[in-house]
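Shown next, in structure tokens, is the structure this report addresses.
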Amino acid sequence: MELFFNPFDNLLCILLGISFTVWFTLLLVFIIVPAIFGVSFGIRRLYMKTLLKVFEWATLRIERGAKEKNHHLYKPYSNAIIAKEPTSLEEEIKEIRRSGSNKDLDSAPEFEMSDIFYFARRGVESIMDDEVTKRFSAEELESWNLLTRSNYNFHYISLRLTVLWGLGLLIRYGFLLPLRVTLAFTGVGLLVFLTSVIGLLPNGRMKNFLSEKVHLMCYRICVRALTAIITYHDSENKPKNGGLCVANHTSPIDVIILASDGCYAMVGQIHGGLMGVIQKSMVKACPHIWFERSEVKDRHLVAKRLSDHVEDKSKLPILIFPEGTCINNTSVMMFKKGSFEIGATVYPVAIKYDPRFGDAFWNSSKFGMVNYLLRMMSSWAIVCSVWYLPPMSREEGEDAVQFANRVKAAIARQGGLVDLLWDGGLKRAKVKDTFKEEQQKLYSKMLVGTQEDRSRS
């Protein structure tokens with residue numbers, strides 16, 4: 001019996017050995033070596049163009065099938081649900097009083113029960129058309145990208161469309177996912193090993209040179225693990241040593257997207273586990289800035305560490321995401337002022353993802369990091385554009401908040417994003433009492449007038 005199974009076992013081992021050899025040879029020749037030298041064969045862009053044609057056909061087929069079966073198609077709204085005209089609180093309340101009362105509106109202002117309807121209506125409008133909360137959910141698509149997670153119209157339309165979806169599922173989970181996981185482990189493993197080795201070298205030009213080459217190579221391998229297709233614009237404005245690179249924040253992979261085109265000093269909190277191992281190895285080869293959990297809330301300590309770094313013009317530019325949380329690729333929210341107080345030259349960067357190939361937004365309140373990475377690696381691709389904007393400095397008489405808002409407006413304008421004044425911290429925190437008090441002050445001012453009005457009367 002043993003002799004009968006031996007030839008079969010040997011054949012199976014030989015076939016497995018050949019498969020693994022071919023697999024890793026293809027990885028080495030077509031992905032890892034090009035990543036080392038920063039070249040591309042154009043395979044990913046050809047893949048992207050092919051996908052666009054398939055998506056277009058699938059969307060047209062859904063629309064045609066819906067018309068034949070009289071199904072209502074869900075269409076995501078791109079603008080606000082409720083049409084609003086820019087009117088003041090006083091004007092709106094006067095309009096409500098005019099429509100429901102015969103009193104003289106020019107008489108002395110006083111409280112009326114009908115005023116409640118204004119605040120009730122505004123409250124309902126805020127719930128129905130919340131411009132803050134919807135920034136923390138996935139961006140909706142007009143077309144279907146053959147992912148059930150991104151389509152509200154997913155139901156049986158035709159056999160051809162179902163077969164195409166099943167084929168796409170097989171390609172994504174049977175071929176692309178194993179390939180991407182292999183590349184991710186390769187990139188992270190090389191990063192940890194090589195940065196640890198470089199950390200043993202004495203400080204100097206050779207160490208800095210090797211560190212930059214290793215970081216670029218490993219990040220480019222990780223970019224290929226996501227099948228990321230990135231278009232960089234205006235590279236002459238790339239951040240320079242001693243500066244601050246400030247970008248909008250959609251996903252944790254923003255770091256990989258930017259670091260695959262240039263080296264940066266990272267800023268962040270020290271973590272445990274695998275992330276902690278990566279951080280410890282990286283800081284041996286490059287002066288990244290990691291903080292203990294107890295130090296993060298110490299604004300003065302953080303500002304001093306950042307100032308000391310940017311004063312040394314030989315050190316890499318610092319990469320910062322001043323929103324402090326991930327926003328869903330449609331807008332830019334309030335920038336924290338801390339990084340704009342240290343007086344360094346700011347290099348704004350706008351990042352805009354194409355959601356048709358995969359949703360890069362990380363909803364951290366809904367998905368853990370492992371779940372999120374699985375969704376990224378099982379998507380078709382990550383396609384994005386990066387714009388390097390001209391450097392900006394704080395103007396005379398401009399405080400840190402005004403400077404932060406000016407940088408944020410430039411990023412939003414270039415990336416085609418909505419510029420919002422709201423704090424991204426509202427993702428997990430309650431609205432500050434100051435916002436409520438502002439509305440109360442406006443209403444009381446309408447009723448009792450200003451101090452000047454009372455003195456005149």
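Numbers here mean position along the shown chain, with the first residue as 1.
Each Cβ is built from the backbone N, Cα and C atoms, and glycine gets one as well.
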Correct range for transmembrane segment (source TrEMBL, candidates 181-201, 244-264):
181-201
157-175, 347-365, 404-422 - the one TrEMBL records as transmembrane segment:
157-175
In the same chain, which residue numbers or ranges, 6 or more beyond the ends of the transmembrane segment (181-201), come under 8 angstroms Cβ to Cβ?
23, 27, 31-32, 207, 210-211, 214-215, 217-219, 221-222, 224-225, 277-278, 281-282, 284-286, 373, 377
For the transmembrane segment (20-43), distant same-chain residues with Cβ under 8 A (at least six beyond the ends):
179, 182-183, 186, 216-217, 220-221, 223-224
Kindly report the helix/strand/coil residue split of the domain 'Phospholipid/glycerol acyltransferase' (243-354) according to DSSP, in that order.
39 helix, 26 strand, 47 coil
Just to confirm my parser: what is the rounded mean pLDDT across the domain 'Phospholipid/glycerol acyltransferase' (243-354)?
83
